[in-house]
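Asker: Quick one: structure below, then a few questions.
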Amino acid sequence: MRRLSLWWLLSRVCLLLPPPCALVLAGVPSSSSHPQPCQILKRIGHAVRVGAVHLQPWTTAPRAASRAQEGGRAGAQRDDPESGTWRPPAPSQGARWLGSALHGRGPPGSRKLGEGAGAETLWPRDALLFAVENLNRVEGLLPYNLSLEVVMAIEAGLGDLPLMPFSSPSSPWSSDPFSFLQSVCHTVVVQGVSALLAFPQSQGEMMELDLVSSVLHIPVLSIVRHEFPRESQNPLHLQLSLENSLSSDADVTVSILTMNNWYNFSLLLCQEDWNITDFLLLTENNSKFHLESVINITANLSSTKDLLSFLQVQMDNIRNSTPTMVMFGCDMDSIRQIFEMSTQFGLSPPELHWVLGDSQNVEELRTEGLPLGLIAHGKTTQSVFEYYVQDAMELVARAVATATMIQPELALLPSTMNCMDVKTTNLTSGQYLSRFLANTTFRGLSGSIKVKGSTIISSENNFFIWNLQHDPMGKPMWTRLGSWQGGRIVMDSGIWPEQAQRHKTHFQHPNKLHLRVVTLIEHPFVFTREVDDEGLCPAGQLCLDPMTNDSSMLDRLFSSLHSSNDTVPIKFKKCCYGYCIDLLEQLAEDMNFDFDLYIVGDGKYGAWKNGHWTGLVGDLLSGTANMAVTSFSINTARSQVIDFTSPFFSTSLGILVRTRDTAAPIGAFMWPLHWTMWLGIFVALHITAIFLTLYEWKSPFGMTPKGRNRNKVFSFSSALNVCYALLFGRTAAIKPPKCWTGRFLMNLWAIFCMFCLSTYTANLAAVMVGEKIYEELSGIHDPKLHHPSQGFRFGTVRESSAEDYVRQSFPEMHEYMRRYNVPATPDGVQYLKNDPEKLDAFIMDKALLDYEVSIDADCKLLTVGKPFAIEGYGIGLPPNSPLTSNISELISQYKSHGFMDVLHDKWYKVVPCGKRSFAVTETLQMGIKHFSGLFVLLCIGFGLSILTTIGEHIVHRLLLPRIKNKSKLQYWLHTSQRFHRALNTSFVEEKQPRSKTKRVEKSRWRRWTCKTEGDSELSLFPRSNLGPQQLMVWNTSNLSHDNQRKYIFNDEEGQNQLGTQAHQDIPLPQRRRELPASLTTNGKADSLNVTRSSVIQELSELEKQIQVIRQELQLAVSRKTELEEYQKTNRTCES
């Protein structure tokens, strides 16, 4: 107990001493391993609460036009003025970005503070909520798994319901300091807050906050637009100013001049009212600096001619006296214009050193029109309002965390929760916490956070210094020379312009650290390709693949490689490139070291085997390699023997399977459309056929017996024939409807069929290939892995982190899968893709599996299940390597600056397999297995046709006789014309007109022959050749050609002559083509009980036939008389 009391006393004393004493507390047992104060955590609800007051929105004023930039911050959801209640804000662009703000990436579209073409509204409530959300995701920020909560004051000015009788919406709730104090007590303090965050906008509000902190003994952090002067130095009231101090630019510029010994300088001002007071004070206080002249071109910028003449005069005056020119208040367009004119007078570097005194936006720096050697400074990211709010909240959290490890009760339990009963103890919780606030420093989003004096929180941004130089290809590029940190310049690798100028004749490269780096081929982190004919690498890094880890052998190979007489066999040389090679090159550039690269001899990551470490770990431990750069997983076993940097890539383990195309089933041709669609199509088809039939039979112009003397009838079977022909697009002869309504409906049905058929055709190819199936695994805990059935094979890479994880977590599973493990990742992928496959599942790092899936041209690979065993890739180093911390710090910078994101996009932005599916469908060939269902359907159709034929015979022999006996079922013309004829026609009725036709033919085909003297012969031909159908009742042919007669007679000289005499017959009535006796002109059949109308019609037809026969008889008798007279005349002549 006495020992603990001494340590407690030492900790209390250190609180009163400067910050270095805080380091002593790191070794205090009671501070480093304090037991969890369960009762205290229960009382505070496992949360640290921070109050918030003065939450009225801010409206920022625009800056000068020359510094204005476009941008905008998405507004959050406002409070509802009608309901009087506050609602949580909707996520905005800044909100969504703040989730990644801890990694240093700027929010897309966020406007920088103090910039913008116009006024901008800032919402403290939104910033507080998002700050709490982000900080609660940071692991280890608060001890004992505590979380941050924000308690916001109720303010009538924002539409909240006033809770106090002294506050009203018509007047500001903080107009009276005492009322403000009471309001804070009743709405914020009573909930037990450790500190208050405020957003005052006036000096009066600052005084109110001074009063609150003094009376309630609660730390108050005020975030202000600009620093307010204060008479009292209240350590409980701190203020953080958002306004960037101009002295920072002045300090950086002066340090640049001092480092290069550029003490004689001149100033060039593009804006006369630009504030350079701080810069002038710093140079005047240093006796080494001498200001030659000040060139003010503000009045001449508008006219190029005036600017040219003015610069010519001024440059002539300083040509020989001033080696350095510092520019202030110039935008990039003005700078380019000035440099173009200066070049005409020969004043470009190195004759004149140009320095930009104002902080520049690094993203806007360009190289066009700027001279080599130009020096600029600026920040890679600009601070936004949310940065400062989150940094203030993080300052409180860090102070509470540090204080909790010393005295948890005093740090976590607020002393003031009732304003009416303020405790007057010697040390309140607020006073205790304020001491830690003053001694807390950290690197925040807005800059380096620390407390200056006792009341000012400073946020110093790190400036980077850039120089325009030539890249290795000879092109101009901005090169980083160093950074401004903690009030001084920290140089990076490289050489400053003045140093290069002094040593350009006898410059010697400094000695660089030379490292031997081992790697392992793993796509996309490391690729290899063959070298060219000369043994060099046009792209990538030259590496050796000696297939050994013998250190002496590697020494000889690299020694020969660097000698003038290179004798390394060409088979050992490779060109290495990829994600990790780019990272290695960047590290070498930033840390100023050279390296030799080789591929690990055994191709293993490293595992403890046969009493020693293999692979990459073995090379690091044996001293063969100084660094291992590849997809090197950080696990417990490796971390115990070698050093790892902070992870540069986060991943997990995953499971890779192969998809298989199943054979298309018999009914696959039906799959393009759902069964409900097929049902709907055929229902709509028959409904359409019914309506087509109804429209045709109800129309006066339809193809029906009541129509306009139609020779055909449109029945329901005709409608079905039309609908099916349009649906399947067959070009068979159809009987289209004649009425307008029917044709319109038929065209609508054609449009419907066109869209259905197009949809079916578009989906047919994708469906015909069959469904893709794969092994469905839920993850590492899937029963198929723990209890594999016979024939299920899965494995991983030997001596990898995946195998180590399975060995430690699931020994039985590891024992089963050992027989299926493969040497490398490509082997496992190939085993999956083989036909037949040698593996059913492959377990490996998901980062590697995702890449294999993305480059799979056959689209057969797929990752399944939930990821497991979260891990990271790090750079391996020998134990206790001095490079570990430096490389880890650079990797953290690469993450915050977005360099790692660039690498990820470069090597992982591959076209996904899903978007390349068109390349597969273009060459898709379908075999008979894909159309087996259609052949089956055709065979079924043949069988149904045979059954239909049998059915026709059954109907004809059995059903028709029965229906004929029923007089009510004789009319079927609207349904089927053939069925109707079959019911209404008999054999006897068809036989009578046939016999009659034959008798008429015989009577019409007659021939008379008369022989005269001289063996003459008179032949009488019939007037026409009438076919067998021309004497039928319904014959419609005319007999106009039956009016010519041929005669053979002798002239008066007794010579036989042939003559033709035209004889006009008596016109015959028009006759129609005869149809079967049981049919009328429009195809209607007579019933057995003939109606009166049909009898009259038949009598009229018979009368016409009799008239025709009578006329023919008269003609025959007349002709007979003529012939008889002619015969008598001849006889008289002979006598």
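Glycine is no exception: its Cβ is also placed from the backbone N, Cα and C atoms.
From a predicted model like this one, the values you see are computed outputs, not experimental measurements.
The following feature annotations were taken from Swiss-Prot:
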- S631, S633, R638, S801, D845: glycine binding site (BINDING)
- S633, R638, S801, A802, D845: D-serine binding site (BINDING)
- C537-C575: disulfide bond (DISULFID)
- C543-C576: disulfide bond (DISULFID)
- C859-C913: disulfide bond (DISULFID)
- N145: N-linked glycosylation site (CARBOHYD)
- N264: N-linked glycosylation site (CARBOHYD)
- N275: N-linked glycosylation site (CARBOHYD)
- N285: N-linked glycosylation site (CARBOHYD)
- N296: N-linked glycosylation site (CARBOHYD)
- N300: N-linked glycosylation site (CARBOHYD)
- N426: N-linked glycosylation site (CARBOHYD)
- N439: N-linked glycosylation site (CARBOHYD)
- N549: N-linked glycosylation site (CARBOHYD)
- N565: N-linked glycosylation site (CARBOHYD)
- N886: N-linked glycosylation site (CARBOHYD)
- 60-117: region 'Disordered' (REGION)
- 951-987: region 'PPP2CB binding site' (REGION)
- 1-23: signal peptide (SIGNAL)
- 24-674: topological domain 'Extracellular' (TOPO_DOM)
- 762-932: topological domain 'Extracellular' (TOPO_DOM)
Asker: Of all the disulfide-bonded residues given, C576, C859, which residue's CB has the most CB neighbours within 10 A?
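Answerer: Answer returned by the neighbour count: C576.
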Asker: Checking the contact step here: among the recorded positions N145, N296, C543, N565, C575, A802, which have a Cα within 10 Å of the Cα of S633 (glycine binding site)?
Answerer: A802
Asker: Within 8 Å of the centroid of the Cβ atoms of S633, R638, S801, A802, D845, which other residues of that chain place their own Cβ, given that this set defines the recorded D-serine site?
Answerer: Y605, F632, I634, N635, L653, S800, D804, Y805, E871
Asker: Give the residue from the recorded positions N145, N565, S631 that has the most other Cβ atoms within 10 Å of its Cβ, counting over every protein chain displayed.
Answerer: S631
Asker: Can you tell me the CA-to-CA distance separating N275 (N-linked glycosylation site) and R638 (glycine binding site), as a whole number of Å?
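Answerer: N275 (N-linked glycosylation site) to R638 (glycine binding site), Cα-Cα distance: 57 Å.
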Asker: So among N285, C543, R638, A802, all listed as recorded positions, which is physically nearest to C859 (disulfide bond)? Use the C-alpha atoms.
Answerer: A802
Asker: Are there recorded positions among N426, C543, N565 that sit within 10 Å of C575 (disulfide bond), Cα to Cα? If so, list them; otherwise say none.
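Answerer: Neighbours among recorded positions, in sequence order: C543.
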Asker: Going by DSSP, is N296 (N-linked glycosylation site) part of a helix, a strand, or coil?
Answerer: strand
Asker: Return the single residue from the recorded positions list (C537, C543, A802) that has the minimum number of other CB atoms within 10 Å.
Answerer: C537
Asker: R638 (glycine binding site) has how many other Cβ neighbours within 10 Å of its own Cβ?
Answerer: 25
Asker: From the centroid of the CB atoms of S631, S633, R638, S801, D845, the recorded glycine site, which same-chain residues not already listed sit within 8 A by their CB, in sequence order?
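Answerer: Everything else in range on the chain: Y605, F632, I634, N635, S800, A802, E871, Y873.
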Asker: Can you tell me the three-state DSSP label for N285 (N-linked glycosylation site)?
Answerer: coil
Asker: Comparing the recorded positions N285, N439, N549, S633, which residue's C-beta has the most other C-beta atoms within 10 angstroms in this structure?
Answerer: S633
Asker: Need one number: mean pLDDT over the topological domain 'Extracellular' (762-932).
Answerer: 79
Asker: On a simple 10 Å Cβ count over all chains shown, which one of the recorded positions N264, N426, S801, N886 is most densely packed?
Answerer: S801
Asker: Using all protein chains in view, find how many other C-beta atoms are within 10 Å of the C-beta of C575 (disulfide bond).
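Answerer: I get 19 for this one.
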Asker: Near A802 (D-serine binding site), which of the recorded positions N145, N426, C543, C576, S631, D845 can be found within 10 Å, Cα to Cα?
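Answerer: D845, listed in sequence order.
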Asker: Could you work out which of the glycosylation sites (N275, N296) has its C-beta surrounded by the smallest number of other C-beta atoms within 10 A?
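Answerer: Sparsest of the glycosylation sites N275, N296 by Cβ contacts within 10 Å: N275.
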Asker: Need this for a regression test: recorded positions N296, C537, N549, S801, N886, filtered to those with Cα within 10 Å of C576 (disulfide bond). What's left?
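Answerer: Checking Cα-Cα distances against C576 (disulfide bond), the recorded positions within 10 Å turn out to be C537.
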Asker: Could you check which of the recorded positions (N296, C537, N549, D845) sits closest to N565 (N-linked glycosylation site), going Cα to Cα?
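Answerer: If we rank N296, C537, N549, D845 by Cα distance to N565 (N-linked glycosylation site), first place goes to C537.
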